[in-house]
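Now, the feature entries from TrEMBL:
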{"type": "DOMAIN", "residues": "10-221", "note": "domain 'Tr-type G'"}
{"type": "BINDING", "residues": "G454, L455, S456, G457, A458, G459, K460, S461", "note": "ATP binding site"}
{"type": "ACT_SITE", "residues": "S528", "note": "active site, phosphoserine intermediate"}
Amino acid sequence: MSKSVTASQDAATPIVIVGHVDHGKSTLIGRLLHDTDNLQDGKVAQIIESSKKRGLKIEWSFLLDSLQIERDQGVTVDSTRIPFLLNGREFVIVDAPGHRQFLRNMITGAADAEAAVLVVDAAEGAREQTRRHAMLLHLIGIRHVIVLLNKVDLLDFDQEQVRQVEQSVSELLAKLDLEAALFVPASARDGDNIAARSERMPWYDGPTLTEALAQVPSPASRANLPLRLPVQDVYRFNDKRYVAGRIERGRVRVGDTVIIGTQKTPARIASIESWHTAPQLSAIAGQSVAVTLEPDVIPDRGDLLHLPDAAPVEASRIRTRLFWLRQEPLRVGESFKLRLATAEHAVTVTSIESVLNLDDLTEQPGEEVPAEGFAEITLSASENVQFDPFAPGTADGRGVLVDRQQRIVGGAPLIGPAEIAVGEKVIHPSASTVTVQDRERQKGQRGTVFWLTGLSGAGKSTLARGAEAALFSAGLDVTVLDGDTLRTGLCKDLGFSEADRTENVRRAAEVARILRDAGQIVLVALISPLQSDRALARQIVGDGFEEIFVDADLSICEKRDPKGLYAAARSGKISGFTGIDAPYEAPQSPALHLKTDAGSADSAVKTLASFVKDTAKLTGAARASS
Ligand SMILES: Nc1ncnc2c1ncn2[C@@H]1O[C@H](COP(=O)(O)OS(=O)(=O)O)[C@@H](OP(=O)(O)O)[C@H]1O
Ligand SMILES: Nc1ncnc2c1ncn2[C@@H]1O[C@H](COP(=O)(O)OP(=O)(O)O)[C@@H](O)[C@H]1O
């Protein structure tokens, strides 16, 4: 890699292109690449050929196909980064599709975008996705918005009609606290005002799209902010220790004294190097470098290098704005990793301050954040986190939340340290440094919760205890949490009202989660009669939750009546007995359905034990790769 390539690649300006489906994003991208001479040889011929095959005029959007961008029923399904050069300056187009994948792409791939092109069909005006995308631009802090009023040919290039759409779009943006840097009337299909001035709109004297892009501030302007160099890696080579990372902002010079992370050790920059280049005296934001330090201190991956007089914020309780991506809602108490540049911090959601209503844009207090919802929340970390609060137009404070499987479940721009309210219960959960994978390798099993639900007398305890013994003999680490047993200790204060049963389920699920996190196989045997309570349990446990329906007809359970409780319920000695005068809601789609009213308990135990083994025991190959 040559020095010039390194520097220019890092300094490419990312531009996100958004807009309602069919308003012309794909066409615009094809047209832009063509008119700015960014197509490799042969691409144009391919487009012309595939357009002809379909009996169409040149269809610029097919270019995206030829660039091997995934498409699904005519709708782009994933974001793609397409580099292009404009008068020697490098840009990257982040193509954000117009459906639910959009959010994920915005916070994972496009969060660093400097500017956005919002494509609006001039004949149709702003539509639902226009509004939604504009709001996302606002929330992720992109302030440089170029509105491309596309398809003006459909309005016969009429100035008055174009002016009206411009007005309605700017009113929409103003409501979202966004201001368009420019409105460019254009026809992406025909190339009007894309890279060349349109002769069909003599009344328009503003810039073309490419001229507008040239005005977007380049990432290099971050070079003037205080230094932030997150450590990506530390390695030894030829007896020297190198600290490698990409400069997020500011500049670093040989001889500078820097402070290393939360350990706050000072060190001097002794040299700055990149691969295959001569050592440099300084480097700026956007460049990837390897520095050597004096004294030879050893930072950790994720440590932030900064100048002594310009430290970032340091806090263990952080107020963030959250874009929630997981299908199941987010609730207080859930734990994640907060990934911030190269650092990962264990965090717990300690409160949800407000949830944004997408329809009327009002903020209300909420108990949970729905899928694709926005909220303001407080995260507590077990250690101090260094960050720069989120600021529009910069890369600061942009984090993502990842779950145990390393999946991104939310985007979390960090707003600032969270104030401690008077009388607030302040907690700082600590996190294990032993990983799930470490535990799996040691135990040869995947920590999993098997949740047995069913009427009293259906056989939950019999099957759980039978399977426990069989699995233990097979060398697996297994624990049973049985309703009756828990109710003699942890849950001895609870009765059988609906609220008490919910609390009973919640406690059992929390314990099951702890055991699961410790790598255990957990068999929970609880009537847990309500679907909503079992959904809560699934929510608390998260991954590795299997619902098992232990199913026997009420009449059979009543006949068995091993504890004489049905008889007591019938005679009125006990009330609110499940199946008699309290409800039982059967699972809709359990992972395993065990009919226990016919057949022996032994064979049901075998079925259960082998299901557990198949689900949780790691085979040789799975074990090696875990
Ligand atoms: N009113 C009423 N309804 C249901 N069950 C009752 C009741 N009163 C006492 N018992 C005994 O408590 C056991 C059920 O406890 P659970 O913790 O599994 O119940 S729940 O999940 O909270 O509904 C249950 O155990 P199992 O028979 O093993 O299910 C009974 O022994
Ligand atoms: N196929 C079967 N599976 C489980 N239990 C069975 C089966 N057939 C008969 N039984 C009997 O049913 C009773 C179930 O009681 P128990 O396990 O305490 O149920 P629960 O825990 O669901 O209340 C036991 O006496 C058990 O021997």
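Glycine is treated like the rest: Cβ placed from N, Cα and C.
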In sequence order, those recorded positions of S456, A458, S461, S528 whose CB lies under 6 Å from ligand 1: S456, S461, S528
Recorded positions close to ligand 2 - of S456, A458, K460, S528, only those whose C-beta is under 6 Å away: S456, A458, K460
DSSP three-state assignment for S528 (active site, phosphoserine intermediate): coil
Averaged pLDDT, computed only over the residues in the domain 'Tr-type G' (10-221): 80
All-chain count of other Cβ atoms within 10 Å of L455 (ATP binding site): 25
Listed in sequence order, residues not in G454, L455, S456, G457, A458, G459, K460, S461 with Cβ within 8 Å of the centre of the ATP site Cβ atoms: T462, A525, I527, V550, A552, C557, T596
Candidates G454, L455, G457, A458, S461, namely the binding-site residues, that fall within 10 Å of the residue listed as 'active site, phosphoserine intermediate' by Cα distance: G454, L455
Neighbour count (Cβ, 10 Å) for A458 (ATP binding site): 28
